[in-house]
Amino acid sequence: MSTNITVKYNESPVYDIVLEQDYNTIYRELNKLNTKNKKICIVTDSNLSKLYLNEVMEIVKDYAREVETFTFPAGEESKNLDTVYLLYERLIRSGFDRKDLLIALGGGVVGDLTGYGAATYLRGINFIQMPTSLLAMVDSSIGGKTGVDFLKFKNMVGAFHQPKSVYMNLKTLLSLNDEQYFSGFGEIIKHGLIKDADYYQWLKDNSKAIERRDLAVLNEVIYRSCQIKREVVEKDPKELGERALLNYGHTIGHAVEKHMEFKLLHGECVAIGMVAASYLSYKRNNITQNQLQDIVEVIKSFRLPVSVSGIAAEDVLKATLNDKKMESGRIKFILLSEVGNACIDTTVTETEMLEAIDFIIK
Ligand SMILES: NC(=O)c1ccc[n+]([C@@H]2O[C@H](COP(=O)([O-])OP(=O)(O)OC[C@H]3O[C@@H](n4cnc5c(N)ncnc54)[C@H](O)[C@@H]3O)[C@@H](O)[C@H]2O)c1
Ligand SMILES: O=C(O)C(=O)C[C@@H](O)[C@H](O)[C@H](O)COP(=O)(O)O
Ligand SMILES: [Zn+2]
């Protein structure tokens, strides 16, 4: 079973998202890029290097002049300029030129960091996303947002740089531990809440099959989420407007992620941030108290946290004011206008934000 989605900018196809259940057809993506006389560097983390690197290398080596690998320690703590420095060093020492190619084999951390390396090395070289986590398949591998954290502030240094292809092997989802697997549902539930109430309902109806990682159902989840993300990024590739809706739950979520020193996964922090943003949406009379309660229960049913402890509300507020959503001193906050629709609101006050943050700190 293979499914393809094409991402277009200004009506022109830019790259394909390929959903597969093995790695056998990667060569098609490489052939499109004429890689036979190019060097390829596969960038991955210390977990994936033990799981899929050899299999991918075996295939890629027949379609490249030379294959290098660059592995860094797994986890958000590595998503910074120190790791990018080591990547540049490796590429320079190995003589990578502008026509060569990077492959990001891993979760969102590998994808964001490799994408940023590709965007900046020699002023930009090609890269392919090979997402292995659910979160990376439904969200981070699509749309060309690349970057790294700085002083633990999330994604503060980055660039828009589109991949040449996004190739996923859904069987890799079977080796994720439960925490990593369910963290993907932070972004998936977000897609339903901001864009598609039917999808949100469908997720609830299919929770049992999702729980047992039925690959046919996961194919549907990934396909629907990728379509939602594709539609948004095609209309607004550089987040001048509507793309900001994808930030639902992130303003407070990113601040929690920073203050928890990356002990919680990104999807878990997005889940907590969505509870706060849904609380504000309820306070603004956009959704009912029952709908707020339903959102909290659905997030819990996907084994995601809905609150956090051990951090101070004032610190979280301060970090939200340093996030990228500030514009002329005002925060661009994403609220639900109803379940299945979201809006940008620049009138949320610090007092309202503190109340929402208090709601998620236990
Ligand atoms: N660029 C974007 O649009 C975008 C969107 C959403 C999230 N992000 C970023 O993505 C990151 C989160 O992504 P993530 O949750 O994939 O984190 P991650 O890359 O750290 O992966 C989570 C953990 O799962 C492991 N892992 C990944 N795939 C595996 C597999 N198949 N089997 C076993 N273990 C596996 C990793 O080694 C890691 O330990 C954050 O940095 C976030 O800011 C970016
Ligand atoms: O693609 C986007 O745009 C998103 O906002 C997707 C988010 O899930 C993702 O976490 C993104 O990296 C957040 O963007 P940022 O600009 O707030 O760093
Ligand atoms: Zn996110």
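The backbone N, Cα and C atoms fix where each Cβ goes, and this holds for glycine too.
Unlike curated records, TrEMBL annotations are generated automatically.
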Task: Zn(2+) site partner of Glu187, His250 (as recorded in TrEMBL), chosen from His161, His266 - done: His266
Open item on the list: Within the domain '3-dehydroquinate synthase N-terminal' (70-181), count helix residues (DSSP H, G, I), strand residues (E, B) and coil residues, in that order.
Closed with: 49 helix, 34 strand, 29 coil
Open item on the list: Among Gly108, Val110, Asp112, Ser133, please name the binding-site residues whose Cβ is nearer than 6 Å to ligand 2.
Closed with: none
- [ ] Using DSSP with the three-state reduction, classify His266 (Zn(2+) binding site) as helix, strand or coil.
- [x] helix
Open item on the list: If I take the Cα of Asp112 (NAD(+) binding site) as reference, which of the binding-site residues Glu187, His250, His266 has the closest Cα?
Closed with: His266
- [ ] Restricting to the same chain and to sequence separations of six or more, state which residues have a Cβ under 8 Å from that of His266 (Zn(2+) binding site).
- [x] Glu76, Gly108, Leu135, Ser183, Gly186, Gly253, Glu257
- [ ] Could you tell me which of these binding-site residues, Lys154, His250, has the fewest other Cβ atoms within 10 Å of its Cβ?
- [x] Lys154
Task: Spatial separation of Val110 (NAD(+) binding site) from Glu187 (Zn(2+) binding site) - C-alpha basis, Å - done: 17
